[in-house]
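Q: According to Swiss-Prot, the protein has these features:
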- 23-283: domain 'Protein kinase' (DOMAIN)
- 29, 30, 31, 32, 33, 34, 35, 36, 37, 52: ATP binding site (BINDING)
- 146: active site, proton acceptor (ACT_SITE)
- 374-396: region 'Disordered' (REGION)
């Protein structure tokens, strides 16, 4: 007598903005400087994604809203095989959400901590894949400023993807960046020199230096310079001046020559473009079209039978988080019913104003919707671009390009 009960996926109105209810929360997998990350499944399409969520009040208190908005503005114009691409962004009363590609292979920092041995062949392919991503970012005038193992994720086949654009910046023409940004052990000499008022600024070569430090660390298990977050800047600059990088005698001469070119202290002489790196003899045999198509298989493939992340993230979300994601729906409903009653506890005026400004100026994005629009109006689009950036800039219905420009530029306490 058992009927055939098929669970049909829910159907959402195409014109309805994507929101939290469109996703099923599966588990927490990470946290970063600006929020936490969990695995989600979109209820209608059953597609899996990673969802990063950032508490609005905490972002305001830490003066991080501008960085979140900058990251959203940059990511909505990008799409590339070796980036972690943005699919949706939305908000509710508590949080800002970014839904991105799900990459279950873990980040390179995790695998270094698991004592994975990366062969020269694997690192050589990583360098090529990351070079294509950096060239793409350069085409859109973007300096990432935080290339490091923590921000490079692997997909299930072992290919690399750059993530975390929250301190990226955009430079046009001959402009140079001049602020101190990045993670000290991976920052190029010219970034420190700017801080000490000894330099004219910096540009794209800083990301290629970081690539060199990362590649060295993957091969050797430690970095070429003993630099930590607490190391004074004058000491770091002196280190660059007097210390020589030691390369393993077991590495082939071609790899050593490539690393030397990436770790050249003078940015004008450093390998810092796809053309530069394709001219390096060590990479003369590389089929770059095959690299772009992910047709070359890395020597290291993450374990498919396990989740390649720290399992304590899930425990923290379930036990320690004061506002856990899985209880959000009930919590928001309770808050809404309480608002306006004598039991409600009003926020201080400045914080309330900041929250309202964030709500008004948040950048909503829907790549799925943009693709539908592109299909309907393809004659309007720039079909020459491999990425989606130029086409997306012509379709403003799917995204809001505001930046938080006039309020909430200082932290506020609740």
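Each Cβ is built from the backbone N, Cα and C atoms, and glycine gets one as well.
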Q: So what pLDDT does the domain 'Protein kinase' (23-283) average out to?
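A: Mean per-residue confidence for the domain 'Protein kinase' (23-283): 95 out of 100.
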Q: Among the recorded positions 31, 146, which residue has the fewest other Cβ atoms within 10 Å of its own Cβ?
A: 31
Q: Please report the distance from the Cα of residue 146 (active site, proton acceptor) to the Cα of residue 31 (ATP binding site), rounded to the nearest angstrom.
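A: So the Cα of residue 31 (ATP binding site) lies 16 Å away from that of residue 146 (active site, proton acceptor).
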Q: Just how many other Cβ atoms lie inside 10 Å of the Cβ on residue 29 (ATP binding site)?
A: 22
Q: Relative to the Cβ of residue 37 (ATP binding site), which residues of the same chain, six or more apart in sequence, are found under 8 Å away?
A: 28, 29, 30, 31, 50, 51, 52, 53
